[in-house]
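Only one structure is covered here, and it is reproduced in the block below.
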Amino acid sequence: MENNNNEPAETVQEKGPKLKNDIDLNDQFKDEKEKKEEISSSSIENKNNNNNNTSTNNVIPNESNNNISNNNVISNENNNTNNNTDNNTDNNNNNNNNNNNNNEPVTSFTVNNKSLIEKEPTLFEFNQEQQIKYKNKSINSLIIKRSGIVIKISQKKSTIIYQDSIIACSELPDNFDTATTTTTTTTTLPIKVTLFTCVLKKKQLTIDKEQRKRKSYTFQFKSNQDSLNFYSNIQSTFLNSLPRGNPKNRKIRILINPKSGKKESHNIFKEVEQLFKDSGIKMKLTVTMEPEHAKKIGFKSNIYKYDTVVFISGDGLLHEFINGLLSREDYEDAKKIPLALIPAGTGNGLANSIGLQDPMSAALAILRGFTKPLDVCIVQQPTVTTIPVVDNNTVTTTTTTTSPTSASPTITSANNNNNNNNNNNNNNNNNNNNNNNNNNSNITKWCSILSLTWGLVSDVDIESEKYRSLGDLRLIIGAAVRILNLRIYRGKVYFLPAIPLDKSQMQSIPKCSFDCNICDSSNSVKVIEDLVCNDNDNNNKNKNEEQNEINSTTSNNNNNNNTTTTSTSSSTSTSTSTSSLTATTTTAKSTNSLSSSPRSDINMSSNSISKSLDIGTIPSCKVTHNSNLLNESSDSLLSKGWKCIEGEFIGVVASTVSHLASDFISSPNAHLSDGLIDLIFINNRSKLSKASLLSILTDSATGDHLKSDLIEHHKVKALILEPSIQKHGIVAIDGERIPYAKTSMENIRGCLNLICRSYH
């Protein structure tokens, strides 16, 4: 990949490799002809003076220098093209007092709640006698409250600047003297202080599709004391009290994938860069040059120099990075560093899941610094997978597969002894062949932040790469093509149920938010069960009042909290369905007990699969998990509460987030940090038609596809996928293709620290 910025390689980097295309935006002007534009040579962080020939025009000073100069920030407002309706052309030289009062972190309420802010007590007020001007006109008062600033323009007209949008306040002039009432000049001059914000582009009743822009507000104060009071209150009330401190005292590492999506990453960076400069935050930029570049950075670089690592890309770059990060010896400390995503890809599943699909909104969240734990799934496959693909009519391998008489998947439990006879024989044969080899070196591992997919979804995701230039249309076209040429896959899916709820009950699980009770609890399963049961009780009472006897049986069952799960597959037998629904509390506790059973029966692969993800010299992830999951026999799994579904599938999706793309809400009730996996699959049934699949595709844009009888939905803690070798297909994690083989997936709760918005 060509380096479009033509930056030389970094010559010195603490505790890390020499990585190409690293640009420290604190180290911009080293050529002699550019030195005259530099604010201060002491602002250069890198003492080795690399010659970085970038075109960026703002110097970001050394974070160790307490007198942080910000004079280019205000002057830059003259060139603001991002709908900055309140531009001010004042080009003041400002110094930062570096006020660092660390108060309790600010917590946001709901974006743009005018009635709430008007009821709040006043923290500081400037009245009409102090002759403050806004837009060169005198205002009645300027009121600072906990949730924002109220500008009383007249008795009937006011403007509110919400604290959610405030990112910086310009520094006071160099000639500012707190001992006098005016500036230290012979003539009294108004003192201008500019407030930098990132506001909603238009009035929005909801924030599901929010879009933001830069905006500045400039106030003129007649006395030094008034300007000092305003400046100090802004710093202490809104900026110093942010979770990661004042943005002007922070430093972030930015990784850009120039090939993400429609290749707009550089343009998106230029857009958010101006907001970062407004805030005074210090940046180091790296443009990835090749596959696995981000993985190397995550594994080797000294990330402790930064308080946040930012990715301007799709989900793939973050996927690469965490697979390097969690392979470090010091991963326990490294994983605490907040990660942030500014969406620039095609699907942008994670960004959509946290409501930050707008790049400017994502940049604002980075500056505000609120974080939330993020689940990571450990995906494992046998390293040695040499069984070739065979055609549908001939099987020439030593492994055996079952051939159910029905095309619909069958559900197996510990009580289904007849269905396990073949599995027992297979396990015995493989136990002898494998000699009870439990060596973890034979296991390949990946870390997943989104999903494991097999069948329709992975086919569309991987095979639509040729339509990447079309952006969002890529997935729509790919899905239409694949449904018209539908593929059916045979295999098994083992899963460990976490919650004994049926599909309709799971739809009443509250959606995830920043202050989510489910994610914040120590026992997410119990909280979910309590919430659902309470909701069901209320619904049943209403139904009983309206329909006394029609739904009496259903109401009684729900009110008695008999939450034994029932099969969501309408085509399976009653006895089989009942046996699969006995996932009680012992099921939820059995994850850690899967340790010492014999190796399971089949290790499948394809010699036609594209090359596996190249891990090079980077070891597998170090995160503690059940490394023997693939070695469990079928009988052992079933005896511990696992369920097995075997048969023909259209597609399988196992996800830990709500969205896999902007128009694909895989599981609306998925939570970022509940320790659970949403397992969703479509069985191949007699009543299944291409029209019904197209309907499911359309409904997936809102999450209503889960209401279809054709879809099964389970909340699980872990799963094992065994695709049949009789037909080649695609298995993918986070949109990245992996070998077509037996695959396990296990959720590690709250493993990472993700930047999120703090309002809902």
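Just so it is clear, glycine is given a Cβ too, placed from its N, Cα and C backbone atoms.
What Swiss-Prot lists as active site, proton donor/acceptor is D315, and the listing cites similarity to another entry. Annotated ATP binding site per Swiss-Prot: N257, P258, K259, T288, E320, G345, T346, G347, R468, R474, D734, G735, E736, in sequence order. Here Swiss-Prot flags S313, G314, D315, G316, D461 as substrate binding site. What Swiss-Prot lists as compositional bias 'Basic and acidic residues' is 12-39. Annotated compositional bias 'Low complexity' per Swiss-Prot: 40-106, 549-597, in sequence order. Annotation source Swiss-Prot lists domain 'DAGKc' at 247-383. Residues or ranges marked as region 'Disordered' in Swiss-Prot: 1-108, 394-438, 535-605.
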Three-class DSSP secondary structure - the residue listed as 'active site, proton donor/acceptor': helix
Sparsest-packed of the listed binding-site residues (G314, G316) - C-beta count within 10 angstroms: G316
Residue, out of the binding-site residues K259, R468, whose Cβ gathers the largest set of other Cβ atoms within 10 Å: K259
Which of D315, E736, the listed recorded positions, has fewest other Cβ atoms within 10 Å: E736
Of N257, S313, T346 (the binding-site residues), the residue whose Cβ has the fewest other Cβ atoms within 10 Å: N257
Where the record names S313, G314, D315, G316, D461 as binding substrate, the maximum Cα to Cα distance in Å: 16
Assigned conformation of N257 (ATP binding site) - DSSP reduced to three states: coil
Distance from D461 (substrate binding site) back to E320 (ATP binding site), taken between C-alpha atoms, in Å: 17
D734 (ATP binding site), number of other Cβ atoms within 10 Å: 29
Among T346, D734, E736, which are recorded as binding-site residues, the nearest neighbour of S313 (substrate binding site) by Cα: T346
